[in-house]
Amino acid sequence: MKIANNTVVTEFILLGLTQSQDIQLLVFVLILIFYLIILPGNFLIIFTIRSDPGLTAPLYLFLGNLAFLDASYSFIVAPRMLVDFLSEKKVISYRGCITQLFFLHFLGGGEGLLLVVMAFDRYIAICRPLHCSTVMNPRACYAMMLALWLGGFVHSIIQVVLILRLPFCGPNQLDNFFCDVRQVIKLACTDMFVVELLMVFNSGLMTLLCFLGLLASYAVILCHVRRAASEGKNKAMSTCTTRVIIILLMFGPAIFIYMCPFRALPADKMVSLFHTVIFPLMNPMIYTLRNQEVKTSMKRLLSRHVVCQVDFIIRN
């Protein structure tokens, strides 16, 4: 595509993770494996929670939504990345870039807020158990779910508005494997200081505050659990520990990316790869499958499926 001073950029060229064919092949295989685990794993969690009438506590509503967000989030980047590995020229249209950027921040922002809601749920369940049924009633839970989806939308639309107002008339090469605000704004034909500052406040500072708030809330819960002498102490400790792991895995890369928008770092691509492809696998592998009730329900569901298949084969 020829680019002159008066030419409007209509597409971006993605430079990808690496130019090495051997490394690209290795990464392609690894990402394909991750993706084939992420989608079935998260949808199995959703189906298990939806089909078991015993999993009605607020925790399972939140886990089901977390699985849906993870599956959707991985769908935004991974499939196109796999196709690009097989293409000589990795091109994404301007509209496609904006669309990808919107859904990344919509789903990512919603997931961050969901983790805050889940921390509040654990605080009520562990530190204020007598108030659990009144505070975390179905109406309140659905209101919080609506609020976090709206919060993710507002966060994302701010990013999109920032991009749509920028003129692009020069270079069109993105040094990454997907579209994100940090790389796109560097290609605009105007001074980016104010935009990058707004980006720090909208993404970086919000991510950092959520991260610190989550760590503080789980620190309070862990202190409360350690002082308690109850049969469920070990289970509560284990639950909180896994959630702290999820928080570190999700917010660590996000803080690294969005708190330093003014300069490119050598580790940017690997951090982005972890955040967009590998992290969504953490929900089924670390989070939900540590829940005994979900595992038991999943085993019953799979057993019924096997029995139905065997019965069908015998009858035919």
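Here the Cβ of each residue, glycine as well, is placed from N, Cα and C on the backbone.
Feature annotations, courtesy of Swiss-Prot:
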DISULFID  Cys97-Cys189  disulfide bond
CARBOHYD  Asn5  N-linked glycosylation site
TOPO_DOM  1-25  topological domain 'Extracellular'
TOPO_DOM  50-57  topological domain 'Cytoplasmic'
TOPO_DOM  80-100  topological domain 'Extracellular'
TOPO_DOM  121-139  topological domain 'Cytoplasmic'
TOPO_DOM  159-195  topological domain 'Extracellular'
TOPO_DOM  220-235  topological domain 'Cytoplasmic'
TOPO_DOM  259-269  topological domain 'Extracellular'
TOPO_DOM  290-316  topological domain 'Cytoplasmic'
TRANSMEM  26-49  transmembrane segment
TRANSMEM  58-79  transmembrane segment
TRANSMEM  101-120  transmembrane segment
TRANSMEM  140-158  transmembrane segment
TRANSMEM  196-219  transmembrane segment
TRANSMEM  236-258  transmembrane segment
TRANSMEM  270-289  transmembrane segment
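Sequence-distant residue pairs (6 or more apart) of the transmembrane segment (58-79) and the transmembrane segment (196-219) include fewer than 3 whose Cβ atoms are under 8 Å, leaving the two stretches without contact. Secondary structure of the topological domain 'Cytoplasmic' (50-57) per DSSP, as helix, strand and coil residue counts: 2 helix, 0 strand, 6 coil. The secondary structure of Cys189 (disulfide bond), as reduced to three states from DSSP, is coil rather than helix or strand. Tertiary neighbourhood of the topological domain 'Extracellular' (80-100): same-chain residues 9-16, 24-25, 27-28, 31-32, 35, 160, 163-164, 168, 177-179, 184, 277, selected by CB-CB distance under 8 Å and a gap of 6+ residues from either end. Beyond its flanks by at least six residues, the topological domain 'Cytoplasmic' (50-57) meets 64, 293-294, 297, 300-301 of its own chain at Cβ-Cβ distances under 8 Å. Mapped onto DSSP classes, the topological domain 'Extracellular' (159-195) shows 16 helix, 2 strand, 19 coil.
Break the topological domain 'Extracellular' (80-100) down by DSSP state and the numbers are 13 helix, 3 strand, 5 coil.
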